[in-house]
Amino acid sequence: SKREIKMRKLDSTKVRPLKSEQLLHIEEHDFALRPGFGGSPIPVGIDVQVESIDSISEVDMDFTMTLYLRHYWKDERLSFRSNKNKSMTFDGRLIKKIWVPDVFFVHSKRSFIHDTTVENIMLRVYPDGNVLFSLRITVSAMCFMDFSRFPLDTQNCSLELESYAYNEDDLMLYWKHGNKSLSTDEHISLSQFFIEEFSASSGLAFYSSTGWYNRLFINFALRRHIFFFVLQSYFPAMLMVMLSWVSFWIDRRAVPARVSLGITTVLTMSTIMTGVSASMPQVSYIKAVDVYLWISFLFVFLSVIEYAAVNYLTTIEERKQLKKRGKASGMYSMDAVQAMAFDGCYHDTDEDMDLSPFPEPCEENETRASQTNISNADTPRLKRKRSLKGNVGRIILQNNHVIDTYSRIIFPSVYIVFNFFYWGLYI
């Protein structure tokens, strides 16, 4: 009646629908139900354009990706008349009033739709009821990584899409253009990885409570850059191992020099191993880098043990020599090395040693020598100092132990063989 129409016009609680809503007849339909409810499942096509892979985290075992997610379906309830057969495009304000697929990311940790300067949502409706729904999303999802070959590894990750509420009886999710449904930006690059391939696949997922669901997969393979780890881990470990071999050429009686060198290399190797472990998840299996660092640490440790054996055998030999000489004139005779350890002076031969029980200190000898006249310049001590430079090589050879001689050959040879097998196995 005219009175009812007038009352409706005066009712301020009624909001007039927008012209677009009137054209699409949104008020005339119940969009809480899917299109074709009660009939065959509605097909929803998907295509994805990957904009960037923002980060890969080994510690958290996840990746972050920004992509354009597009849905295609047909809803005859949204069909409209158009003389020019042109589509209509809307922003995100219309999404809440119509039915859209409830696609979500399986194994996602966090995700969001970009909203600068407005929500990055686009809805395009065609006169025959075909709909294009596009989103720009950043999602972080789990990637089950295997670090047994780290850092010489290749990781295979996937981003999985699935309908949350509608199983295969209500919604059929598929790739819109087959393998061409997945496209990537040509400039995608990562600091630690080469992106070897992108591929699209599909499958089914079963849940005991709700049934079977269509699932789509975005698969990509990442191969790690090795050069960074060569500079940060492998090369320093090699240098520490080779530095530990320097002790084989140092006089076996130079205890402070050889012990300090051994302890320094051991501590440095421990620091390198700790730094690598701190940037990795605490996995229960051995990684490839662990094998290399632990073998390198073993070589450094054996270099210290080697000198312990040399020092011990040298002490035993000197004791045997001392017992053979016996006592002479109520005191022990000393060789050059023992005399040097006793009075702090270097003795080239046994003839120039003072066999008195308490030789004078070296500093007093040097002071007395400096006070002598120029005519006494050819004393045995000065002769010994002059001939020292020419006899350095002979002295070093005489003071080497047979273990040091063999170690100079065995340690480098075994380490080279180990590197050959290691790089051949993992590369």
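In case you wondered, yes, glycine gets a Cβ from its N, Cα and C as well.
Copied over from TrEMBL, here are the features:
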DOMAIN    26-225  domain 'Neurotransmitter-gated ion-channel ligand-binding'
TRANSMEM  226-247  transmembrane segment
DOMAIN    234-323  domain 'Neurotransmitter-gated ion-channel transmembrane'
TRANSMEM  259-279  transmembrane segment
TRANSMEM  291-310  transmembrane segment
REGION    359-382  region 'Disordered'
COMPBIAS  368-378  compositional bias 'Polar residues'
TRANSMEM  409-426  transmembrane segment
Need one number: mean pLDDT over the domain 'Neurotransmitter-gated ion-channel ligand-binding' (26-225).
91
Tertiary contacts of the transmembrane segment (409-426), defined by C-beta under 8 angstroms and 6+ residue spacing from its ends, are 149, 152, 241-242, 245, 248, 288, 291-292, 295, 299, 302-303
Over the span of the domain 'Neurotransmitter-gated ion-channel transmembrane' (234-323), count residues by DSSP class, listing helix, strand and coil in order.
76 helix, 0 strand, 14 coil
